[in-house]
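Let me begin by presenting the structure, written as structure tokens, before commenting on it.
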Amino acid sequence: MHLHFTPRQIVEKLDQYIIGQKDAKKAVAVALRNRYRRSKLAENLRDEIAPKNILMIGPTGVGKTEVARRMAKLVGAPFIKVEATKFTEVGYVGRDVESMVRDLVETSVRIVKEEMVVKVQDKAEEQANQRLVEILVPSPEKQSGFKNPLEMLFGGAQNSNQTSDTQEDVEIEKKRQDVERKLAAGLLEEEIVSIEVTEQQSSMFDMLQGTGMEQMGMNFQDALGSFMPKKTKKRKLSVKEARKLLSNEEAQRLIDMDEVTQEAVYRAEQLGIIFIDEIDKIAGKQSNSVDVSREGVQRDILPIVEGSNVATKYGSVKTDYILFVAAGAFHMSKPSDLIPELQGRFPIRVELTKLSTDDFVKILIEPDNALIKQYMALLATEGIEIEFSDEAIRKIAEIAYQVNQDTDNIGARRLHTIMEKLLEDLSFEASEITLEKITITPQYVEEKLATIAKNKDVSQFIL
């Protein structure tokens, strides 16, 4: 965990991936730093301080989700994104709101498990190599298959065979040492071996996914799995692939699942972040009789956000200190349309601004994962170096902004459709092009995009 970052450092890290939205970055940076501050307090005072939940307001594609996701990734906190519209009021078929907490704990378990696996990786690989040696040079018992039953009962011929057995053991030990050296040197990577691996069985309870009954299915599955034998199957693989499978099996044996569960539940409770998207879609005091009550979903979310205990397969989880970040465009409604109790649970309000042409220019070139860098890297695999002139980048940004104004404003996501259309022919013909370097000019952008962008009827379907 990396909770030691200062708010300024967090904002600087977020600036590497997200353009603009300073207010949103500051809000999440302070929320993260307050978690660090809270961890330094005496226990009696620590229990009194709950995180201040955040409500992000802004149109689609301006970075609401990305700010929260990058924040969680930065500190290694368990993070999940859910859509408020996916939940239904208690009593209706569909996902209940408590499933978001169960999903968060599952994510936390996965993160902790991966960390534990990394810690035991060297030992697991060592044991996997030992198993490979035994597979490549099997012991005499495995080679001979079975012994004479009378010999096993009465010990006949034991003395006469003892010397030959000892010699055979020495021979096998020499062979194994030789194989160990070759494995360490990587000389047997393509050798084919037959190994037994635990079969991953698809559960009949998978059909319960999305019905709100997943927890019941998991409990049944755990109960059955405790006394049902695990199935194994033989697979023929190269030594390289077999080592990966065997290392994974050995790592699973080496880690203590009780320790994993304990740490995962602690992280989910104390450091977890739940991002509730499209919360504006359940705002509104009126509801049609044929629809599942949106206000009912809000009332179900309320106790989770306020702080309650949720039963999961890993035990009871407290939601008192989980940070909730809600987001919505609020085109058709406003934050005050949420029920007053829920409004009060999101004291920090942040409004994200619409993206300008200058923002689009920065998005195209500045972030570490900038869109233009991605396309340059993709086409470089075909031996083609493409570069964009500054004027061409400005032209792309202007067209993206104009199309957003003329049709639906989908923010930075518009750049993906614009870039795909711009480089469509080049991507199609890349494997046949003999040129090593191609420069994208404003004229090329104009030729590929301007006509479509100017025609409103066409652009709303293509761009």
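Yeah, the Cβs are placed from backbone N, Cα and C, and that goes for glycine too.
Look at Swiss-Prot and you will find Ile19, Gly61, Val62, Gly63, Lys64, Thr65, Glu66, Asp277, Glu341, Arg413 tagged as ATP binding site, backed by sequence analysis. Around the Cβ of Lys64 (ATP binding site), the same chain contributes Ala24, Met56, Gly58, Asp277, Ala327, Leu352, each under 8 angstroms and 6 or more positions distant in sequence. Under the DSSP three-state reduction, Lys64 (ATP binding site) is assigned to helix.
Taking all protein chains in view, 17 other C-beta atoms sit within 10 angstroms of the C-beta of Glu66 (ATP binding site). Cβ crowding, taken as the number of other Cβ atoms within 10 Å, peaks at Val62 among the binding-site residues Ile19, Val62. Reduced to three states, the DSSP call for Ile19 (ATP binding site) is coil.
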